[in-house]
Each structure stands twice: as structure tokens, then as C-alpha cells.
Amino acid sequence: MRRIPLLHYCSNAIRFSSCFAISRSVSAFTTRDCSSSHSNTSIPAKGKIGVASRFENVKCLDEAVSLFRRMVRKQPLPSVFSFSKLLKTMVNMKHYSSVVSLFRQMLKSGIPIDGFILSIAINNYCLMHRSDCGFSVLAIYLKKGIPFNVVTFSTLLRGLFAEMKIKDAVNLFKKLVRENICEPDAFIYSTVMNGLSKRGHTQKTFDLFRVMEQGSTKPNAYIYSIVIDALCKDRMLDAAISLFEEMKQKGIPPNVVTYNSLIDGFCKLGQWEEVRTLFFEMVNLNIYPDVCTLTIVTDGLCKEGKVEDAEEIMRHLIGKGVEPNVVTYNVIIDGYCLRGQMDRARRLFDSMIDKSIEPTIISYNILINGYCKKKKLDEAMHFFHEISRNGLKFSNVTYNTILQGLFEVGRTDIVQKFFADMLSMGLRPDLCTHRILLRGYFQNGLVEKAMSLFHDLERNREDIDIEFYTIIIDGLCKNGQFDKAHAIFEKLSLIGLFPNVITYTTIINGLCLEGLLDEAKDMLRKMEHNGCSPNNCTYNVIVQGFLKCGKISEMITFLKEMSGRDFPFDASTVELLIDVSAKDPSLLNMIPQFHSGS
């Protein structure tokens with residue numbers, strides 16, 4: 001078995017000894033317990049069980065470290081199994097840097113090390129997003145004569161995918177197969193396919209699936225489900241159904257995960273008849289919907305505006321023993337909020353609490369947003385204050401929503417207080433926060449305040465984009481300061497930003513508001529010359545500008561262009577056309593699109 005070349009696999013791996021200097025920890029991804037490695041580990045002897053039995057009482061880092069110190073002083077030493085259980089407990093508690101420290105002490109102290117402990121160490125490094133250090137642990141396998149196994153390499157592969165090192169993960173997998181370092185099993189294949197599919201590499205996932213079919217390890221239901229899910233996420237529903245049928249023909253029974261992927265795919269396309277067929281098919285096969293199925297279907301229905309149907313399905317499945325979770329409730333509550341049915345949203349929120357399902361910050365954000373959209377600030381504030389009382393942490397979304405709600409009802413007097421509160425909570429305003437502040441200031445006529453914030457952000461070289469400048473241009477135009485707006489528009493290319501269709505439409509609207517119709521027409525032609533195609537909104541803006549100024553003959557030219565591009569009139573344009581036509585009915589004959597009743 002060839003092992004040595006693998007140690008040189010990771011070209012930027014740091015030296016083994018330096019890996020133990022790591023003291024930082026980062027967010028984790030889950031990995032399978034390597035329980036198969038227990039077969040060769042020793043069972044705690046009588047007299048050592050007392051130490052092992054204390055693991056369940058370890059609730060914090062101090063207790064874990066204290067237990068470790070007692071264990072290393074004990075003579076004879078507790079079993080390798082006991083040390084591995086302690087390390088695994090600490091990994092589960094996410095004290096990654098401390099695990100590194102204890103592992104280093106074990107190596108220095110000569111405490112026996114087995115393959116299970118080494119697998120825990122590798123997993124710990126990968127959870128720290130330091131797969132390079134994980135690779136260096138392989139040297140200990142060689143030094144101690146411990147054979148590599150599929151768990152070791154599955155963990156490393158997951159680590160690489162978690163760090164977005166897709167190419168390295170694929171190369172490692174190929175190396176394992178090509179050099180016969182480790183015979184890939186279904187778990188390694190599923191790790192690679194899952195890693196590829198979750199990062200959008202659908203075709204590579206499918207290709208590897210076909211390669212697997214040619215080998216000795218055949219795809220199981222879990223592998224099929226990964227590939228079918230990838231195809232559904234990529235909206236390749238025909239290919240997903242084809243593979244689904246192939247799976248059944250080969251005698252591999254689909255499970256609830258397989259059906260959930262297909263149902264999710266058809267929900268996203270609004271193909272409810274197919275959803276219904278799959279739903280009844282799985283029930284007939286005694287594959288019962290789970291909470292994931294429920295959430296998928298309710299989310300799809302809510303996005304279609306069928307919120308009552310979504311709630312009815314939830315009630316039906318509750319009767320069948322499928323209990324919804326907070327995500328399911330959030331989906332339906334959001335559906336009612338988007339429709340402005342706040343009484344129903346509140347009723348569902350209360351019923352969730354009555355069932356002892358704890359709302360999350362997302363639940364509160366949804367309700368606050370719903371009430372703000374209905375301009376019911378008192379109710380929004382009630383839920384805002386309830387967040388801290390329930391021990392939840394505010395998010396940027398919470399404050400952004402409240403700030404926007406305050407601007408909508410003109411409560412600019414307390415905007416600054418809430419913004420200061422946001423900063424005191426340790427939340428850093430993001431681009432969305434600044435956009436809300438700028439729009440709100442302009443919307444309420446506070447031009448100086450808006451421009452002061454604009455100049456501060458420019459001075460601090462904040463990451464501001466073309467949408468940010470479009471807000472400034474629009475705000476100045478609507479507050480009668482077109483010259484300043486035009487000056488900012490003209491300097492965009494000098495600072496490396498290029499107007500998009502919204503920016504051009506905004507400045508064209510500003511020109512129309514100033515009565516500068518020839519300049520507006522020139523700007524329309526200029527944007528097309530610069531490779532930015534006008535849209536429906538652009539044409540409606542310029543048509544309205546010419547209509548308001550009574551420039552009917554010039555307006556007809558734009559109407560014909562709109563008709564040629566299949567751009568419809570918006571409500572404001574139709575209203576103006578009706579007003580003008582009332583004074584001159586012959587105008588209707590000049591506008592075929594309008595005359596036909598569009």
C-alpha cells in the first residue's frame with residue numbers, strides 16, 4: 001500500500017510541529033462519528049470506569065481540562081478509549097483550539113495514541129478550517145504504523161470542501177483511487193458528490209455518479225438522492241425524474257429525502273400537479289412526509305400566494321403526526337405578512353408559542369417587517385422590545401427594518417436614537433443600512449442630512465456601489481437639486497462606476513422633471529450607445545415626461561418604440577393617456593397598443 005506520496009499532496013501544508021500553535025477556532029461543519037474505529041480500541045478496565053463515567057458531567061471547557069489533568073496523573077493511565085471520549089466531547093463543545101493543546105500534550109507525554117484519536121484530531125483541524133494541519137497528522141499514522149482508513153480521508157475531503165478547495169478535494173479523491181491508497185466506499189463517494197453538488201458542480205457530480213456505477217461499489221439510495229437533489233437544484237427536472245425512474249427500476253427504493261428533493265424542485269417551478277402525484281406516490285409506498293416535506297410544500301405554496309392552502313396542509317399533516325418546526329411556521333407567517341394579513345400572521349405566531357416552539361430572531365424580523373409595511377409602528381415596536389426580553393440577539397435585519405418603518409411614517413425624530421442603539425449593540429451598519437438611511441432622509445426632505453452621510457461614506461471609502469449612487473441621484477432630483485444630481489452622474493465613470501439601466505432611468509426622470517425633454521431623449525440614445533438597453537420603466541418615464549409637457553407628436557415616437565419592444569404602459573402612463581385623450585379623442589387612433597385595450 002503506497003502512503004508516502006500523500007504527505008506531499010497538500011503543496012502549501014505547513015510543517016507538522018507548527019500546526020499545534022493554532023489557537024483560533026472557526027465555524028464548524030458536521031462530520032460522521034468514526035464509530036467503526038472502536039473495534040481495536042481497549043475497553044476501560046475495572047477501576048477506570050469511574051473516570052470515563054464523568055464525561056457526561058463535563059459541561060464546560062474548565063471541567064474538561066480539569067478532567068484531562070486528573071487523567072494524566074492517574075497511574076495506571078486511563079484507556080485510550082477514555083482519552084478519545086474526552087477529546088470527542090470537547091470537539092462537540094466546539095473548543096477546537098483547546099483540543100489541539102491537549103492533543104499536543106498527549107504526544108509529548110507519550111500517552112498512547114490510536115487511529116480513533118488521530119481521526120478526532122484531523123476532524124478537529126478540519127472544523128477549524130485548517131485541513132493543511134489535518135494532512136500533517138498523517139505523519140503520525142506512518143510513524144506509529146497505524147493504517148489509513150476511509151474515515152480519515154472522508155474527513156479530510158470534507159475539510160477541503162468546507163474551505164472551498166474544490167480542486168484539491170477532487171485531486172485527493174483521484175489520488176486515493178489511482179494509487180490504491182484507500183479503497184473508496186459509498187461514504188467517500190457520497191462525501192465527494194455532496195461536496196461538489198452543494199457548491200454548484202452538478203455536471204461533475206453526475207459524471208462521478210456514472211463512474212461509480214462502473215466500479216465495485218454501487219450507488220445506494222443516499223447517493224442517488226444526492227445526485228437527484230443536485231439536478232433539482234439546477235432545475236434539471238427531466239434528468240432528475242429520469243434518474244429517479246432508473247433508481248426504481250434497479251430495485252433501489254427511494255426514501256423521504258429523494259422525494260423531498262423532487263417535490264422541492266417541482267414546487268419551485270410551480271408544477272403543483274407533479275407535486276401532488278409525488279406526494280401521493282410516497283404515501284402509497286408507506287414513505288411518510290416529514291417536517292422537511294412539510295416546510296418545502298408550504299414554502300412553495302406561500303411563494304405562489306396560496307397561504308391558506310399551506311396552512312391547511314400543515315394542519316392536515318399535524319393530524320398525521322408530522323410536527324412542524326419553527327422554520328415551517330416562519331414560512332407561513334411570512335406568507336401572511338407579505339399579503340398584509342397581520343391578524344392571521346399574529347394568530348399563527350401565538351399558536352406556535354402555545355405549542356412550546358420557541359420563535360427565533362427570524363420569526364420576530366418577519367413580524368416586525370409585516371407591521372412596518374402596514375405602517376403599524378406600535379405593533380412593530382412591541383415585538384422589537386420583546387426580542388431582548390426573550391433573550392434573543394438583535395440582527396442588522398431587525399434594525400434595518402425598524403429604521404425603514406420609521407422613515408415610512410415620517411418619524412425621523414427617533415431614527416437617530418435607534419441608529420445609536422444599533423451601534424451600542426455592537427452591530428456594524430451594512431450597505432443596506434446606509435441605503436435605508438439615505439432613501440429615508442431624501443424621502444422626508446432631509447437633503448442636508450443625506451448629503452452629510454453621503455460625504456462621510458465617501459471620505460471613509462466605504463464599499464459603495466452603483467445602486468448607492470443611484471439613490472443619491474434620485475433623491476437630489478426629487479428634491480429639486482437636479483444640477484447636483486447631474487454632476488454626480490457625470491463623475492461616475494471617473495470613479496470606476498458605470499450607470500446601469502436604473503441609474504439611466506433615474507437621470508432621465510430627473511431631466512423630465514426639469515422639463516429638459518431634448519436632453520432626456522439624448523440620454524435615452526446615449527444609454528443605448530453605451531450598451532445599456534432601456535427597459536419598460538425607462539420608456540414609461542420618458543413618455544410621461546413628454547405627455548406632461550403636451551409634446552404629443554414626439555411622444556408618439558416613443559409609443560411606437562414601446563410597441564415594437566412589447567413594453568406595456570404602467571398605470572401612471574395609462575392615466576395620463578386617458579387625461580390627454582379626453583381632450584383630444586383622435587389621439588386614441590394614433591396609439592394602437594392603447595386602443596386595443598392593453
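Just so it is clear, glycine is given a Cβ too, placed from its N, Cα and C backbone atoms.
For the repeat 'PPR' (79-113), the mean pLDDT of the prediction comes to 89. The feature repeat 'PPR' is assigned by TrEMBL to 79-113 (among others).
The feature repeat 'PPR' is assigned by TrEMBL to 149-183 (among others).
Here the repeat 'PPR' (185-219) has long-range neighbours at 32, 150-151, 153-154, 157-158, 160-161, 164, 166, 169-170, 173, 176, 226-227, 229-231, 233-234, 236, 239, 252, meaning same-chain residues at least 6 beyond its ends whose C-beta is under 8 angstroms from one of its own. Per TrEMBL, repeat 'PPR' is recorded for 185-219 (among others).
Panel annotation: around the repeat 'PPR' (220-254), residues 186, 189-190, 193-194, 196-197, 200, 202, 205-206, 209, 212, 261-262, 264-266, 268-269, 271, 282, 285, 287 of the same chain, lying at least six beyond its termini, place a Cβ under 8 Å from a Cβ of the stretch. Feature annotation from TrEMBL assigns repeat 'PPR' to 220-254 (among others).
Through the fold, the repeat 'PPR' (255-289) approaches residues 221-222, 224-225, 228-229, 231-233, 235, 237, 240-241, 244, 247, 296-297, 299-301, 304, 317, 320, 322 of its own chain, all at least 6 residues removed from its boundaries and within a Cβ separation under 8 Å. Residues or ranges marked as repeat 'PPR' by TrEMBL: 255-289 (among others).
Tertiary proximity for the repeat 'PPR' (290-324) is limited to same-chain residues at least six positions away from its ends with a CB under 8 Å from its CB atoms, namely 256, 259-260, 263-264, 267-268, 270, 275, 279, 331-332, 334-336, 338-339, 341, 344, 348, 357. Residues or ranges marked as repeat 'PPR' in TrEMBL: 290-324 (among others).
Per TrEMBL, repeat 'PPR' is recorded for 325-359 (among others).
Under the heading repeat 'PPR', TrEMBL lists 395-429 (among others). Below 8 angstroms of C-beta separation, residues 361, 364-365, 368-369, 371-373, 375, 377, 380-381, 384, 387, 436-437, 439-441, 443-444, 446 of the same chain, each at least six residues beyond the ends of the repeat 'PPR' (395-429), sit close to that stretch.
With DSSP classes pooled into helix, strand and coil, the tally for the repeat 'PPR' (430-460) is 26 helix, 0 strand, 5 coil. Marked as repeat 'PPR' by TrEMBL: 430-460 (among others).
The repeat 'PPR' annotation in TrEMBL covers 465-499 (among others).
Long-range neighbours of the repeat 'PPR' (500-534) within the same chain, counting only residues 6 or more positions beyond its ends whose Cβ lies under 8 Å from a Cβ of the stretch, are 466-467, 469-470, 473-474, 476-478, 482, 485-486, 489, 492, 541-542, 544-546, 548-549, 551, 554. According to TrEMBL, the repeat 'PPR' annotation covers 500-534 (among others).
Taken from TrEMBL, the feature repeat 'PPR' applies to 535-569 (among others).
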